[in-house]
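Input: a single structure, listed below in structure tokens.
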Amino acid sequence: MRGLFPGVRLPGVQLSGAATVAMLVVAVVVNSALQPNFWSGYALTSNFATFVPLVAIAVGQTVVVLSGGIDLSLGAQVTLASVVAVRIVDGQLDRLPQAVAAALGVGLVCGALNGLVVALVRLQPIVATFATSFVFSGLALVVLPTPGGSVPLEVTTAYRAAVLGVPVALLAILGLALLWWVLRRHRVLRHVYAVGGDPEAAYASLVPVARTRISAYVLGGLFAALAALAVLANTGSGDPFVGNELTLASVAAVVIGGTSLAGGRGGAGGSILGAIVLALVTNIVFFADVPTTYRQLVNGAVIILALALAGIPALQKRRPAA
Amino acid sequence: MSAPTVETPRRALAWRPGPVALAGAVAVVLVIAGELVSPGFAGYGQLVNLMRVAAFLGVIAIGQTIVIIAGGGGVDLSVGKVATFAAIIGSRVMAGDDANIVPAVALALLVSAGIGLVNGLGVTLLRIPPFVMTLGMIGVVQGLILAYTGGQASGRAAPALTSLVNGRIVFDLPGLLFLWLLLGLLAVWLLRRTTFGWNLYAVGANRTAAELTGVRPGRTLVLAYVLSATFAGLAGILLLGYTESVFLDLADQYMLPSVAAVVIGGTLLAGGIGGYAGTAVGAIVLTVLQGLLTTLDIGGAWRTVVNGVVLLVLLSLYGRQRRLRS
């Protein structure tokens, strides 16, 4: 019964909101009814392959949001990490380790910059990360001015393969969930929850507030780098604009997953489901034979509905105006 | 009687220029820098041109200022899309004919206000955080635009609107600048001299306290979002007069700069403190910065990088939050 005792949190895995699970079930049922071959191996593989980048960036956004911040530069970080990696790998499999390391390095540095600006310079996260997003997307254009570069064929094939009938992309999502589960047990995440819930109280309890905020943005950057690798594995080439649409979608996924934008409450389990719901909605609208010109309207309306539904449990718990 | 002797030096040390003055100084410095880098940057015609570009951001940011002052994480991310939609509606209904101006503008503003009403109701009744509500609204408005146009914007600005916006009236200044001045004064009056404005500051500073003193926060907030969307729609109409024909992402890029203009102008994102004068100066600063970067011969990619760095510096002049202390 989290919510009854706002200061007390259950250790271990947090149950993601019932609303999110219900939405996922509805989305899956509707989608499988509309898309005839939804459960076939091919459709599952290609569906999951497109989910991974959003899932990864949503996990990163969750950590930042839990710390009481928001990162509007995550999409630009995905772009920058992906173009750096694609320039380094340049189609050759033996350069893959360096490319992966470089992508993670980019995420680390970008996250650290955001963390410094928010935690030490004390700028408001919305505008500060908006400003750094210019820096990152500009640098991405310097690294790769036009779409191009290529990923080794082995990588893209492996990404769409299946191990014992389980799509690799689904394993990647499970891997991200496992990563979150491990992080959740680490002291850093406990500090992130404390700082996001009540920075003053955290400060008074000797939680290193500034350092925790920086760690949250660094983790966000590292997950953005993972999203970048997934984007590359999925598309097979570099694109200096690829991350633009991921930023706001990641925030939507976090909210649909039941994490409070005020910070301190929620978890990435919900965000992973939220990201899948978001992706399925696009699928559903496509297969529901909605006329092309109305597709986006229906899509937008359903997402607003999902955002509203995700907030209902919070609505019941906290009636008084705050 | 030691208090005065202690207080005086502290006050002298604590003195800082107000945010509006500081932002104004930054604008002047940027103009001088521009003149040094490329002579002619500070010429009369060039400055008028910059102010004209700033006007659109300035008008959109009126609504953003109102919503941000309302507090509670208030922000309207849908302003850019709403402005685009208003311009598209205006253009199609006008169809290049002066006789259609009134119905076109009325319809565009009505639709904008309706979108704002939905935003406001979502924030107050459903308690969706403003950031998320208006974020979701972007998708819906984009969908409305596609459904309304079928993917192809049509129509044209009426000549009267174009001459009102672009025509030179006095001192070789385009009418747009006078319209901005007028709307700016309206905004200041709305914030400082009306019951709504006072309620807005009260709600933004402390919602519970405002409610206990008899303000209805819900009503004030809904009105704030309606006004935000309406001013965005108005900016879209002005933009239509300027460009004469529309395209499907005409005003989208104003979304986050409108927030940045408000913050640079000294309005607190936490709500309750700030005003429109600062925002107007903030809009000018951002536009002069863009102009300056365009004149520098460094290529689009590096220009974007420099833009971000300068934006960070500008924000750190006044957008800093207070330190955590026990």
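Note: Cβ is positioned from N, Cα and C throughout, glycine not excepted.
It should be emphasised that the depicted structure is a prediction, and the values quoted were computed from it without experimental measurement.
The transmembrane segment annotation in TrEMBL covers B:20-38 (among others).
Among the features that TrEMBL reports, transmembrane segment is placed at B:50-71 (among others). For the transmembrane segment (B:50-71), same-chain residues at least 6 beyond its ends with a Cβ under 8 Å from one of its own Cβ atoms are 79-80, 83, 130, 174, 176-177, 179-180, 183-184, 187, 190-191, 200-201, 203-205, 207, 220-221, 224-225, 227-232, 234-235, 238-239, 242, 251, 254, 257-259, 261-262, 265, 267-276, 279-280, 282-284, 286-288, 290-291.
The transmembrane segment annotation in TrEMBL covers B:101-122 (among others).
TrEMBL lists B:128-148 (among others) with the feature transmembrane segment.
Per TrEMBL, the feature transmembrane segment maps to B:169-191 (among others).
Positions annotated as transmembrane segment by TrEMBL: B:222-242 (among others). Tertiary neighbourhood of the transmembrane segment (B:222-242): same-chain residues 52, 55-56, 59-60, 62-64, 66-67, 69-70, 74, 76, 78-80, 82-87, 90-91, 105, 108-109, 111-117, 119-121, 123-124, 157, 161-162, 164-166, 176, 179, 183, 187, 190, 196, 200, 250-251, 254, selected by CB-CB distance under 8 Å and a gap of 6+ residues from either end.
Sequence-remote contacts of a segment are chain residues at least 6 beyond its ends whose Cβ falls under 8 Å from one of its Cβ atoms, and for the transmembrane segment (B:254-278) they are 18-20, 22-23, 26, 56-58, 60-62, 64-65, 68-72, 74-75, 77-81, 83, 138, 184, 187-188, 191-192, 201-206, 235, 285-286, 311, 314-315, 317-319. For B:254-278 (among others), the entry in TrEMBL reads transmembrane segment.
Marked as transmembrane segment by TrEMBL: B:298-318 (among others).
Against the transmembrane segment (B:20-38), stretch B:298-318 shows more Cβ pairs under 8 Å than any other of B:101-122, B:128-148, B:298-318. Remote same-chain partners of the transmembrane segment (B:128-148), defined as residues 6 or more beyond its termini with a Cβ less than 8 Å from a stretch Cβ, comprise 67, 72-78, 80-82, 84-85, 88-89, 92, 115, 118-119, 122, 248, 255.
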